[in-house]
Amino acid sequence: GCARDWDGLTCWPRATFGEVVKIPCPRFFEEFTSFLQRNCTQEEYWSEPFPPYTIACGFDEGSSKGPEDQKSYYSAFWRVYTAGYAASVTSLITALIVFAAFRKFHCTRNYIHMHLFVSFILRAVAVFTKDAVLFADETMDHCLMSTVACKAAVAFFQFSILANFFWLLIEGIYLQTLLLLTFVSNKKFVWWFIFTGWGAPTAVMFAWVLTRIHQQNTGCWDDDENGVVLWIIKGPILLTVLINFIIFINVIRILVHKLKSQEGGGSHSSHFVRLAKSTLLLIPLFGVHYIVFAFFPESTGLEARLYIELGLGSFQGFVVALLYCFSNAEVQTELKKQLCKWQHQEYLTFTHKHGAFSRETSPVNYVTQLSLLDKISPKRRTSVLQDGVTTV
């Protein structure tokens, strides 16, 4: 028969003599409804795909959407999300250091923020790791690639996404808890939050890995998944997105009610501005933008999905760190105090050293020392006594 074949765009599975293999167009193209076919010929060679990629997968050879242009288009997106994740990692690590360094920020709210920051960092690292392992070598045969390293990279990538969505959910639950309950025991909830935020993704990943090993242990686990394997990952993610969206709507409702009660007949413009600010702050914290395509097939609105999930999603960690750390008034005040403290200490150190040096080298100090030596000198005392005797 014919062995597996990677034609540069699609992996064709092993086939017996005379078998016709039918597969859908790869995700590389925008059209997902068409199919490609290849025949395992008598000479045990694969025939050319029919219909050709140019016809079956929705692009015209003479248009600007050929394979090379598509590669260039997606390569530009790769640069965008790489820059976004790099900016997110840098800002999130800095925010973690700020929250950890100052005891004033050691509270349940910031502990949850820190765990969310870590989940964003893991997600960025997982993206970089997956790209390095799976796509660094363009000549790699993806049909034959099925190593432990590439499977571990994909599993780590899936875990980081799950953890990130679960911590976005926990942020929403905690915020709603603070709004609904006036008195809440922080220590009572924080360990449950930590257990849920990291324990639930671990349990889901354990089930996914076992299912993959026993039911679909093919390639690097990055190929199209069947129903059961797909929904082990997609189901919890959709559930967290849906719950967080409901919490988001409820939090907005609570904020509107509180703002109305505080305004007491004030201007509608200020009320609208405050509500708009609150909403804009909540969107990156809850990941509400994911609801746009959460319940649609992956083939729906591919370009818009790339802009939202790769473009905005890669910078989400940077925006969260900016809003909830660097733009926070308490953080800015504490950083200014620490900066003034460092400057004051440096000034005191400088003046102390400079003052000691000045006292040692000052001409006035030198004359004073001579006068003191002159006063206690034995010759001086003898001459004084002799003058006294002569006078007598």
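Just so you know, glycine gets a Cβ as well, placed from its N, Cα and C.
Per TrEMBL, the feature domain 'G-protein coupled receptors family 2 profile 1' maps to 1-61.
Taken from TrEMBL, the feature domain 'G-protein coupled receptors family 2 profile 2' applies to 77-328.
Panel annotation: around the transmembrane segment (83-102), residues 110, 113-114, 117-118, 120-121, 123-125, 127-128, 310-311, 313-318, 320-322, 324-326, 331, 334-335, 338 of the same chain, lying at least six beyond its termini, place a Cβ under 8 Å from a Cβ of the stretch. Marked as transmembrane segment by TrEMBL: 83-102 (among others).
Long-range neighbours of the transmembrane segment (114-136) within the same chain, counting only residues 6 or more positions beyond its ends whose Cβ lies under 8 Å from a Cβ of the stretch, are 78, 81-82, 85-86, 88-89, 92-93, 95-96, 99-100, 142, 145, 149-150, 153-154, 156-157, 159-161, 163-164, 166-168, 170-171, 193-194, 197-198, 220, 222, 314, 316-317, 320-321. Sequence annotations record features per position, and here TrEMBL assigns transmembrane segment to 114-136 (among others).
The transmembrane segment feature in TrEMBL is assigned to 156-182 (among others).
Here TrEMBL flags 189-211 (among others) as transmembrane segment.
According to TrEMBL, the transmembrane segment annotation covers 231-255 (among others).
Residues annotated as transmembrane segment in TrEMBL: 275-296 (among others).
Long-range Cβ contacts of the transmembrane segment (308-327) within its own chain (Cβ-Cβ under 8 Å, at least 6 residues beyond either end) map to 77, 80-85, 87-89, 91-92, 94-95, 98-99, 113, 116-117, 120-121, 123-124, 127, 281, 284-285, 287, 289-290, 292-293. Per TrEMBL, transmembrane segment is recorded for 308-327 (among others).
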Distant-in-sequence neighbours of the transmembrane segment (156-182), which means Cβ under 8 A and at least six residues beyond its ends: 108-109, 112-113, 115-116, 119-120, 122-123, 125-127, 129-130, 189, 193, 196-198, 200-202, 204-205, 208, 233, 236-237, 240-241, 243-244, 247-248, 250-251, 254-255, 282, 285-287, 290
